Each structure stands twice: as C-alpha cells, then as structure tokens.
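Presented below is the structure to which this report refers.
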Amino acid sequence: MENLTCASSVEQDRFASLNFIISQSVDLITSFFTYMLSIIAIKMVLKQSIFETSTKILLFLNIFYANLYQIVYSIDVVVILYKHFFMQEEVCSLLILESSCAPFLETLIGTSSGMMYCQTGLLIERFCATFLKTYNGKKTIFVGSFIAIVVMISTTSTGKLVIWDDPLDDAVLACFIFPKKSKARSTIHFYISTVVSLFNLAASVALNKYNKTLEYQVRFKICARFHKRQVIESTETICFLNFTQFVFMFIYSSGNSTLKSIRDYIQPETYNFWVVWCYTVPFIALTFPLLLIYKVKSTRGIRAQKIVQISNTKQTQDEHINQMKVMWE
C-alpha cells in the first residue's frame, strides 16, 4: 500500500508546479465567492423575483448542489495546497488511495451532474408552465417537488454508476481525478454531459421563442398576460443559465477528452499544464448564483422602467384609440 501512494517524478513535478497551485488557488477562491453569492441569490429569488414556486424549488436545489460541490472540492484543494507547501519531501505521502477518494469523487460527480440535471428539470418545469391550462398554487408545488425528487435520485445514482465496478486499487493525485481504470467511462460521462447541456440550451431557446409569440395573443387579458410574462421571464433566465453552463461544460468535456486522447503523444508537462484549466466545474458552480442575481436584477429593472414609462406617458383620446387600432392589427 505504501508503494501505491509514492509519487512518480512526473507527479512530484506536478505538485511543485506553479501553474497547478495557481489553478487550485483560483478554484478555492471561486468556492468562497459561490457561498456569498448564493446567499444573495436566495434572498433575491425569494423577495424580488416573480418565479413560480416550482421554479424556486429547482433553483434552490441547483444552488444547494453548487455549494455542496464547492465544499467537497475545496476540501480536496486545501489538502493539495497543504501537501505542496509542507509535504513535498514526503514522496510516499503525496498520493491518495482511490478507495479512500471514492466517497469524495462520487459526491463531486453527483453534484456536478446534479447542477446539469437541475437545468433539465427547470426546462421540464417550464414546459409544464407553458402548456398546462392552469399552473398555480399546489400544482406548482407538486410539479417542482416531483421533479426535484427525480433530480436527487439521478444525482445520487450518477456518481456510483461512473465508478461502480472499478476495483479502486490504485492511487491518484487528488480525489477529483477519475480512477485510472474508469478512464473509458469517464470519457462517456463527459460526452453525455455535453449532449445534455446542448439539449437543455436548444430546448430552452425554442421554448422561449414559443412563449414570446403567445404573449401577443393574450395582450388584452391582464391576468393571462401577467402569467405569460411570468413564464417568459422564468424561461429567459433558464435559457441564459443553460447557455453559460453549456459553454463551461463544453470546455470541460471536450478539453478533457481531447487531452486524454493525445496524452501519449505530448509531454507530461504539457498535459498537466492544460488539464487543470479544462476543469471548469467550479466556474459552473460560481456562475449559477452570479448570473441568477444578474437576471433577477435586470428583469426587475426592466419592469420598473416600463412602469415609469407608462405612468409618465400622457395620451389624448385620439392617440389612445390609434394605439389600440395598431395593437389589434
């Protein structure tokens, strides 16, 4: 067992690499910002948004997964930084047994996938809000809770599926690194994550366009128009979040897959330099509450601006009649 945890010369160089330490420090900083931004995002969603209850349930679940991921990942990063500064001479204490890392890795895979599943869940919830004739009260709570339960089950299962038959009889540099014998399955996981993220993005864009076309059909029905505006604002937010998630997930999956496929043809130093910057999951976790805050603020500002414009606009009776005629045409 002692031999397994002894670092090779390449692994020692990676531990000593300034690039590696900078990347880990940046990731650690993102975790602290994620915690603070999440508190602000939760308060804003509760007090300043017009999201349905079902949307709020899934947004909060996504925030939970983002923070849980950052907590577990930051523990791993702190261990790495400690070893870099205080244990570099202890060569046979640098690596960690894969079996010891399994609970951490399952949590990291599960929570990173959970953020993606939450986006899919939000998309399904938006379809319900769009196509169900009545979508309010207890129905929104039921839909949101049901989707959240499905997301949680899927999240718990994903981490176990990726490494379920791996003997975990080797050692790794850090717990966020996939076991060596799960290389093929990790690549499949990357591809599936990219496809799901792309699907989320495409479907949310299509749904957003559909909702905007329907808004004109109910422009003279106040309650119906408010509900449709509520649906549009929520869908626009989900679309915006899906786009950002897709960009980072594409960098993560395509970058890792490409580097793994050419690993035998490039220098270890080159591989180690780039692979740490392809690990963008911490940035997915960070940008979710950040962009959620931005969307709630910007949407609220637009609503306030429209109210001011309406209150400041003075029309004659003829102008009002002409405007009504144009709207009916």
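Cβ atoms here come from the backbone N, Cα and C positions, even for glycine.
If you check Swiss-Prot, you get these features:
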type     : residues : note
TRANSMEM : 26-46    : transmembrane segment
TRANSMEM : 60-80    : transmembrane segment
TRANSMEM : 141-161  : transmembrane segment
TRANSMEM : 187-207  : transmembrane segment
TRANSMEM : 231-251  : transmembrane segment
TRANSMEM : 273-293  : transmembrane segment
Revision key, fill the gap. Under 8 Å Cβ-Cβ from the transmembrane segment (273-293), and at least six residues away from its ends along the same chain, one finds 17, 19-20, 23-24, 27, 30-31, 33-34, 37-38, 40-41, 44-45, 59, 62-63, 65-67, 69-70, 73, 108, 112, 115, 176, 237, 240-241, 244-245, 248-249, 251-252, 255-256, 259
Check your understanding: When you scan the chain for residues with a C-beta under 8 Å from the transmembrane segment (231-251), skipping those not six or more beyond its ends, what do you find?
Key -> 50-52, 55, 115-116, 119, 122-123, 126, 129-130, 193-194, 197-198, 200-201, 204-205, 207-208, 211-212, 215, 278, 280-281, 283-284, 287-288, 291-292, 295-296, 299
